[in-house]
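Q: Residues or ranges marked as domain 'Semialdehyde dehydrogenase NAD-binding' in TrEMBL: 7-122. The annotation NADP(+) binding site is assigned in TrEMBL to 14, 15, 16, 17, 42, 43, 161, 162, 324. The phosphate binding site annotation in TrEMBL covers 102. Feature annotation from TrEMBL assigns active site, acyl-thioester intermediate to 131. Per TrEMBL, the feature substrate binding site maps to 158, 244. Sequence annotations record features per position, and here TrEMBL assigns active site, proton acceptor to 251.
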Ligand SMILES: NC(=O)c1ccc[n+]([C@@H]2O[C@H](COP(=O)([O-])OP(=O)(O)OC[C@H]3O[C@@H](n4cnc5c(N)ncnc54)[C@H](OP(=O)(O)O)[C@@H]3O)[C@@H](O)[C@H]2O)c1
């Protein structure tokens, strides 16, 4: 590219992730020349603010990408599948937040703390992993490098914002309905074209996305497949159970990991504390551990409750929390964009 300023497009600019991407481009002072904001016809015409400038959102189409250097997609997998190839045709590098290209062998699946070296291998599209995968692999990377990892068992406690702006509204609406003694009317969750919807207010739903033939949900299988691809290690055994809970921002994860080598607990804590992008919050005496409410609005991945498994000396339990809209989506994408910009 050999540029110092970039024409950037945000596809899905009016969504939960898009809003955070625009905010980060501004906060990080990303070298934006022109910013193009794209959505569906529904929100076209909406005026959004970027660095004090009013920008009118346009309907995204195949010709929206002329002159665009970097296109950040967060408008659902179908939109990415349809429009990202057009953006590439116009010479843009696409950073895609959806599931559309994550397992495509030509698209690097990148978490900068883990495999930034893969960015250069792109052929126009770089995939951002699933939010629950990103925070887990970012936290496990220093342990993978120091001890090796043979097995991961993860249970997630995922925020409603992970299912978009509509799911946040549904949770708030249902909470009010229940508090007022009325029936909660489920409409959105579990998200997707599914025949049955469940109440999320005051509840926990052990289904995120549709079920696969093997009894796992798609979200769970994303964690399995993406973890292997990001570490470049097909031998890691991964089992996931993904649960939606009535938290607005921030996914929490209980992670059991089996290391290949012996470890010292204090050394593990030190490694985590020293790793970029990780904040260790682990002081049981002070009841200090990561909380979704504390992680919300921050870019880091927070790790705590670090303790040795009682039945396996190489087993380790961790509690990993991060803002799903930031490190789980917008921040990871903008980090990738910053790396591309720095090399251009
Ligand atoms: N939320 C998360 O934590 C998270 C994390 C990682 C990845 N993601 C992925 O990011 C994507 C967006 O998620 P979100 O939570 O931001 O959803 P959202 O709040 O529902 O926003 C969706 C955005 O996509 C736009 N859009 C929908 N259909 C479109 C179309 N046909 N053409 C162009 N734009 C269209 C919407 O525009 P309108 O305003 O016009 O409807 C809106 O801007 C999803 O694929 C999701 O899986 C989300």
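Our numbering is plain: 1 for the first residue shown, then up by one each step along the chain.
Glycine too: its Cβ is placed from the backbone N, Cα and C atoms.
Keep in mind that TrEMBL annotations are predicted by a computer and have not been checked by a curator.
Since we're looking at a predicted model, the values are computed, not measured.
Please situate the listed features within the shown structure.
A: Listed in sequence order, the same-chain residues six or more apart from residue 42 (NADP(+) binding site) with CB atoms under 8 A from its CB number zero; the list is none.
The DSSP secondary structure for residue 102 (phosphate binding site) is coil.
The C-beta environment of residue 131 (active site, acyl-thioester intermediate), restricted to residues of the same chain at least 6 apart in sequence and closer than 8 Å, consists of 158, 162, 251, 324, 325, 327, 328, 329.
For residue 244 (substrate binding site), the same-chain residues 6+ apart in sequence whose C-beta sits under 8 angstroms from its C-beta are 158, 160, 162, 163, 189, 190, 200, 204, 205, 207, 208.
All chains included, 29 other C-beta atoms sit within 10 angstroms of the C-beta of residue 251 (active site, proton acceptor).
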Q: Which recorded positions from the set 14, 102, 158, 251 have a C-beta atom lying less than 6 Å away from ligand 1?
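A: The recorded positions passing the 6 Å Cβ test are 14.
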Q: Express the distance between the Cα positions of residue 102 (phosphate binding site) and residue 161 (NADP(+) binding site) as a whole number of Å.
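A: Given the Cα positions, residue 102 (phosphate binding site) is 21 Å from residue 161 (NADP(+) binding site).
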Q: Determine, from DSSP, whether residue 131 (active site, acyl-thioester intermediate) sits in helix, strand or coil.
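A: In the DSSP reduction, residue 131 (active site, acyl-thioester intermediate) maps to helix.
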Q: Rank the binding-site residues 14, 158, 324 by the number of other Cβ atoms within 10 Å of each Cβ, and give the residue at the low end.
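A: Candidates: the binding-site residues 14, 158, 324. Fewest Cβ atoms within 10 Å: 14.
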Q: In the domain 'Semialdehyde dehydrogenase NAD-binding' (7-122), how many residues does DSSP assign to helix, to strand and to coil?
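A: Its residues fall into 35 helix, 32 strand, 49 coil.
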Q: Have a look around residue 102 (phosphate binding site) and count the other CB atoms within 10 A of its CB, chains all included.
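A: Result for residue 102 (phosphate binding site): 22 other Cβ atoms within 10 Å.
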